[in-house]
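Structure, as structure tokens:
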Amino acid sequence: MLDKQEMRPILREFMETPRLSGFEGPMARRFCEEMKKYTDSVQIDRLGNAIATFPGTDPQAPSAMVLSHLDTIGFILTRIDEGGFLFFDRMGGVPEKVLPGIAVEVGDEDGGFHHGIIGCRAYHIQSPEQKSKVDPIGNLFIDIGAKSRQEVLAMGIQVGCPAIYAPRYIELVGDRIAGSYIDAAAGLTNLVQIASALAERPARATVHLVGTVWEEFSARGAMMAARTVKTDLAFSLLGPGAADTPDQRGAVSNVIMGGGPGVTLFNFHGKGTLNGNIAHRGLLKLLREAGEETGIPLQRHAARGALSDTAYLQLEGEGIPCIDLGAPDRYSHSPMETVDLGDLEQVGRLVSAALYRLDRDFDLGRYPA
């Protein structure tokens, strides 16, 4: 199985690959390239989910999906003014307060990207009110250096094209990594790590490792992947936010970066979606036993205000038992997220151990004996 140092360059490449929700093609293809090192059964379904299958040794064991989303948050261009400035709307949960002055990459119709900056009024000409005000997304614009709308169009940039945070990767003290879009790249890196384990030793259960589309857009891409592979249960690799910084310590949760994998027992998004996931107790027990076997600690997490692919995935077929877990990250959805490579390595080891424990006696019911 890959260790954290072998995972480092994979994580970096995934962090730096453009993959706005709805435009996941480059990441889906790159993910499939990695999976083909470990299995011949690799496909991209009609919706864009990337699926790698590892046949199990026992046809009677329940099949498992381990998933992480391919896509990221970002922006969609909505208007190009006569001066060549680009206006945009959010794709996913983008925090407006961090946007003015940041570097972005703007996509064109041919799949290329162009440097840009989200405009920011100079500090010394702002009024006192403006200095503390968060501008709504509709007031912000991207400057790519163009002098006119026609120049922008000639570059192949149109309304409906994507824009993303400028890719960044930096190494902090120890094994901590900071940069763009870690929340998605971390789970995808874990899928490669798990693939390396399954290639060495198959599980009893057939395992599908899936990079899903649209998690940041509608959280419904995983539903279609489940219809393709007809899985019996699912582990979603999406870590909770670490609550160990001065602004959150002790107020949000007990999850810390560097403390091992975070397992989400409850999440709920009530702003119109009224959905979330309450973790399947049988899967929690399986992870707990795997943690005891490997010596990997589990951090328990429960929070309102977010959801993941599992919110809708669990409703497919006769019902799919689901649980979310992953490496805790700081500054989620900002241009510079942070993760601990030690946590990341432990997530893959933990899930692999759980998959090896999975057998035909596992109870898929909501109320296991």
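Cβ atoms are placed via backbone N, Cα and C, with glycine included.
What TrEMBL lists as Zn(2+) 1 binding site is His69, Asp183. There are 30 other Cβ atoms within 10 Å of the Cβ belonging to His69 (Zn(2+) 1 binding site).
Residues or ranges marked as Zn(2+) 2 binding site in TrEMBL: Asp183, Glu216, His333. A 10 Å cutoff on Cβ-Cβ distances gives His333 (Zn(2+) 2 binding site) a total of 18 other Cβ atoms nearby, all chains included.
The annotation active site, proton acceptor is assigned in TrEMBL to Glu215. Around Glu215 (active site, proton acceptor), a 10 Å sphere centred on its CB holds 31 further CB atoms from the protein chains shown.
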Integer Cα-Cα distance in angstrom, His69 (Zn(2+) 1 binding site) to Glu215 (active site, proton acceptor) | 6
Find, among the binding-site residues listed as Asp183, Glu216, the one whose Cβ has the highest number of other Cβ atoms within 10 Å in the structure shown.
-> Glu216
Starting from the Cβ centroid of Asp183, Glu216, His333, the recorded Zn(2+) 2 site, name every other residue in that chain with its Cβ within 8 Å, sequence order please.
-> Thr72, Ile73, Gly92, Gly93, Tyr181, Ala184, Ser332
Per DSSP, Asp183 (Zn(2+) 1 binding site) is which: helix, strand or coil?
-> helix
